[in-house]
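Visitor: If you scroll down you'll find the structure; I have some questions about it.
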Amino acid sequence: MQTTQKEDTQKESTQKEKTKLIVGALHALRTQKPLVVNITNYVVMNNTANALLAIGASPIMAHSRQEMAEMMSFSGALVINIGTLDSQWVPRMIYAIEQANVHEKVVVLDPVGCGASTLRTETSRQIAALAKHLIIRANASEIIALAGEKAQSKGVDSLDSSEMAVDAARYLTETYHCNVVISGEVDYIITADSEITLHNGHAMMPSITGMGCSLSALTGAFAAIGEDSGLAAAAVLGVAGEIAAEQSAGPGSLQMNLLDVLYQLDATTINKRLKITVK
Ligand SMILES: Nc1ncnc2c1ncn2[C@@H]1O[C@H](COP(=O)(O)OP(=O)(O)OP(=O)(O)O)[C@@H](O)[C@H]1O
Ligand SMILES: Cc1ncsc1CCO
Ligand SMILES: [Mg+2]
């Protein structure tokens with residue numbers, strides 16, 4: 001589709017505005033150090049907590065129903081990751097979301113492995129329907145499966161490109177009145193009235209388990225300070241991930257370097273590296 005010069009100028013100025021918003025959100029996050037409550041999977045609890053700490057947020061992994069009402073009264077956001085769900089976890093997740101709703105807190109849903117089993121798909125839909133202020137962050141195959149289409153996945157890994165999930169993500173924004181982040185080689189941030197793509201990141205990133213889970217947790221941290229589109233988290237992790245990967249011989253050092261880069265990330269680096277396109 002051809003665009004006019006006026007439209008191009010408009011897009012460029014929106015891109016600059018969005019970049020400013022991301023830099024401002026990172027500053028606000030580090031100043032406010034929001035508490036992010038995570039009900040997440042056994043695989044990634046440690047790297048998720050470390051990613052939140054490295055960016056400047058305050059993580060707590062909590063699973064007990066008995067403390068969830070209290071937690072939601074003072075937490076900044078709730079991250080629900082269904083990665084290792086079972087029949088005992090699901091009612092606790094549901095209760096936590098009900099409490100998040102009572103306190104008007106944002107819920108980030110990471111529907112890990114949605115489409116791989118009926119339990120995962122149905123639980124993801126139940127959670128999405130329940131959360132009042134919702135952001136869905138998932139890979140393309142999970143987004144496609146959540147929307148009810150046939151996805152190609154291998155367990156928790158996507159075999160679809162993020163572009164293939166854009167229509168499904170649009171459907172999800174309408175159905176669940178939420179914002180959606182599709183992660184992958186290109187990240188898409190889709191809201192009711194906007195579509196943004198980020199071309200950062202590195203092909204080594206999916207070689208570490210839980211990179212997407214960290215993205216969902218960071219999405220919760222930014223939502224806690226009011227940036228609830230998922231854009232700032234995807235931008236920060238994309239830029240940090242590519243810098244860390246450039247310094248790493250493989251996934252082992254990437255995991256370690258990522259925490260250092262997240263910790264050191266500054267406005268100048270974001271301004272220099274960010275590859276953002278507003279549709
Ligand atoms: N091929 C790639 N090139 C560049 N960046 C990538 C690539 N694949 C993933 N990423 C980045 O890695 C991060 C995690 O996205 P990914 O889609 O791999 O999550 P995921 O499949 O949910 O991962 P997991 O379930 O293991 O946590 C995002 O920041 C994304 O931009
Ligand atoms: C590998 C794996 N299995 C369940 S959760 C998880 C972490 C990545 O999502
Ligand atoms: Mg995932």
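Glycine is treated like the rest: Cβ placed from N, Cα and C.
Sharing the feature lines straight out of TrEMBL:
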BINDING   MET61, GLY210  substrate binding site
BINDING   ARG137, SER183  ATP binding site
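Situate these features within the shown structure.
Guide: Under a cutoff of 8 A between CB atoms, and with a sequence separation of 6+ in the same chain, the neighbours of GLY210 (substrate binding site) are VAL43, VAL44, ASN47, THR48. Look at GLY210 (substrate binding site): DSSP puts it in coil.
The local packing around SER183 (ATP binding site), expressed as other Cβ atoms within 10 Å of its Cβ over all shown chains, amounts to 30.
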Visitor: Are any of the binding-site residues MET61, SER183, GLY210 near ligand 1, with a Cβ under 6 Å from it, and if so which?
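Guide: What lies within reach of ligand 1, judged by Cβ under 6 Å, is SER183, GLY210.
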Visitor: Hey, how far is MET61 (substrate binding site) from ARG137 (ATP binding site), Cα to Cα, in Å?
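Guide: It is 18 Å, counting Cα to Cα.
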Visitor: Cβ neighbours within 10 Å, counted over all protein chains: which one of the binding-site residues MET61, ARG137 has the most?
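Guide: Answer by Cβ density within 10 Å: ARG137.
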Visitor: Could you list, ordered by sequence, which of these binding-site residues: MET61, ARG137, SER183, GLY210, have a Cβ under 6 Å from ligand 2?
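Guide: Close enough to ligand 2 are GLY210.
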